[in-house]
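TrEMBL has this to say about the protein:
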| type | residues | note |
| --- | --- | --- |
| TRANSMEM | 56-71 | transmembrane segment |
| TRANSMEM | 91-109 | transmembrane segment |
| TRANSMEM | 130-148 | transmembrane segment |
| TRANSMEM | 160-181 | transmembrane segment |
| TRANSMEM | 193-213 | transmembrane segment |
| TRANSMEM | 233-253 | transmembrane segment |
| TRANSMEM | 274-296 | transmembrane segment |
| TRANSMEM | 338-358 | transmembrane segment |
| TRANSMEM | 378-397 | transmembrane segment |
| TRANSMEM | 403-425 | transmembrane segment |
| TRANSMEM | 437-459 | transmembrane segment |
| TRANSMEM | 479-501 | transmembrane segment |
Amino acid sequence: MEVTREGRESGRGGSKRVAAIGVGDASINTQREGFGAKNKSDQWDEQLKTPAWKRFLAHVGPGFLVCLAYLDPANLETDLQAGANHKYELLWVILIGLIFALIIQSLAANLGVVTGRHLAELCKSEYPKFITYCLWVLAEVAVIAADIPEVIGTAFALNLLFHIPIWVGVLITGSSSLLLLGLQRYGVRKLELLISLLVFVMAACFFGELGYVKPPAGEVIKGLFVPKLKGRGATGDAIALLGALVMPHNLFLHSALVLSRRTPPSVKGINDACKFFLIESGFALFIALLINIAVISVSGRVCGASDISPDNAEKCNDLTLNSSSFLLKNVLGKSSSVIYAIALLASGQSSTITGTYAGQYVMQGFLNIKMKKWQRNLMTRTIAIFPSLVVSIIGGSSGAGRLIIIASMILSFELPFALVPLLKFSGSTTKMGPHKNSILIIIVSWLLGLMTIGINIYFLSTSFVDWLIKSNLHKVGRIIIGILVFPLMAIYLISVVYLTLRKDTVVTFTPASESTQIEMEKGVHRCHNDGENEVVPYREDLADIPFSE
């Protein structure tokens with residue numbers, strides 16, 4: 001039998017929550033509990049009486065796992081280049097980007113908690129088949145674009161550690177994450193804790209260097225709170241920063257991760273879960289903000305120093321992950337490159353695991369296909385390796401570093417196709433019932449979302465037109481390129497407008513009867529004609545994801 005958690009409705013007199021039974025392909029197979037409904041409802045009551053701090057600890061995990069994506073090689077690359085090129089002037093992009101990330105990540109978590117389904121599953125149930133396939137392809141492209149920096153970052157780390165060519169490191173990287181996924185048999189929590197500790201080694205290094213170089217506090221604060229896009233390439237670097245921070249695949253991932261937690265099916269249980277996930281995400285993203293500020297400030301201070309050596313000045317002009325270990329020499333001395341490489345390796349591998357799980361749930365949600373994690377990882381990694389391998393052979397470390405920036409920009413352009421459905425679903429009564437976003441959150445999230453989309457469209461159109469005008473191509477060649485590209489830009493705009501203006505047609509929230517209210521408040525719904533009770537459980541099919549209970 002199929003049971004789906006479809007909605008909740010609350011009021012002054014209590015709460016309403018309906019479990020829709022057998023709703024087409026949107027239904028979710030669950031296993032019946034091995035004990036009576038009365039015992040189960042008693043467990044829910046016991047859980048709600050547990051001290052708040054213990055319940056909070058039970059929800060810790062998804063936010064910190066998602067946070068690892070904000071410390072991946074793409075973020076480090078864009079941070080380092082932003083600091084080297086513009087000093088502290090783009091810090092405001094980091095601040096706004098992570099505030100925006102907190103809002104949308106909490107919306108993704110709330111969507112999963114309230115509906116019992118993640119974003120990809122809701123997209124499949126809401127949109128026509130053709131649109132669903134298009135969104136799936138775009139989501140897969142986003143996962144691959146997010147994996148490219150991990151491939152290159154790991155290859156850079158191997159180059160620093162063993163002095164092997166970048167392209168050889170790219171090939172080795174293809175199998176390294178498979179080994180890491182295999183180690184999960186010894187415990188996901190231990191593995192993720194180890195990776196997190198190694199990633200924070202890099203954070204400690206940059207904080208130590210930050211204390212040594214002492215960037216001017218006034219300029220750092222001004223960079224954080226005074227928006228400015230000044231100088232050559234500032235707009236492109238700002239979009240790359242934003243693309244590296246607000247990644248579309250993270251929205252799919254977070255809405256699935258929260259389904260591994262046992263949330264009591266009552267208004268209080270749902271509200272508490274949403275609050276706990278918000279607090280956890282806020283704390284995790286605040287740490288990510290401090291680390292990103294430290295990386296940009298160190299890069300800006302060292303590369304902007306008046307007494308910088310000619311050798312370091314040349315590195316700052318074309319700063320990549322492979323050449324930035326000199327930034328930490330003041331603190332680590334000669335061992336800076338080794339420690340930096342180990343932390344970079346951990347950063348790339350931890351982000352790879354995040355991308356693998358995101359890809360798994362994107363495929364499961366849109367196509368209802370589940371692959372083994374090593375198969376999913378192998379498929380994504382093989383596709384991501386090809387451009388990385390070609391660029392690293394032709395352009396070396398410099399070309400590979402530019403590819404990371406391009407991948408971040410692709411993620412930024414992809415963002416609307418995950419963000420717009422999330423904003424619409426989380427603010428929709430048909431999907432969330434009384435748990436939908438408040439008017440304030442709707443206004444703020446849409447303003448930030450439209451601002452991001454507007455910046456992307458502006459940069460895309462102006463950069464292409466500028467390149468086309470200044471290109472050395474023959475006039476006929478420019479005309480042909482224009483004929484090919486301008487329709488694609490029009491399709492991009494039309495697609496975003498369609499997703500924004502389309503009215504939701506699939507109702508996943510329906511009012512419950514008075515008797516069902518009482519039963520569902522206890523997590524019980526009568527599913528059988530003989531009166532046997534069926535408990536609506538948490539998502540057993542998503543219980544094997546990291547940090548699951």
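Using N, Cα and C of the backbone, Cβ positions are placed for all residues, glycine too.
Remember, TrEMBL labels are computer predictions, not curated facts.
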Determine which recorded stretch among 91-109, 130-148, 274-296, 403-425, 437-459 has the most C-beta pairs below 8 angstroms with the transmembrane segment (479-501). 403-425
Using a Cβ-Cβ cut-off of under 8 Å, list the residues of the same chain that are 6+ residues beyond the ends of the transmembrane segment (403-425) and lie near it. 73-74, 77-78, 81, 104, 107-108, 111, 115, 119, 122-123, 126, 135, 138-139, 141-142, 145-146, 148-149, 152-153, 236, 239-244, 246-249, 251-252, 255, 321, 387-388, 391, 395, 431-432, 442, 445-446, 449, 452-453, 456, 460, 492, 495-496, 499-500, 502, 504
Does the structure show the transmembrane segment (378-397) and the transmembrane segment (130-148) touching, where I'm treating 3 or more Cβ pairs under 8 angstroms (sequence separation 6 or more) as a contact? yes
May I ask you to check whether the transmembrane segment (56-71) and the transmembrane segment (233-253) make contact, with contact taken as at least three Cβ pairs under 8 Å and only pairs 6 or more apart in sequence counted? yes
Sequence-distant contacts of the transmembrane segment (437-459), meaning Cβ under 8 Å and at least 6 residues beyond its ends, amount to 96, 100, 103-104, 107, 235-236, 238-239, 242, 246, 412-413, 415-416, 419-420, 423, 426-427, 492-493, 496
Considering the transmembrane segment (91-109), which listed stretch of 130-148, 233-253, 274-296 counts the most C-beta pairs under 8 Å: 274-296
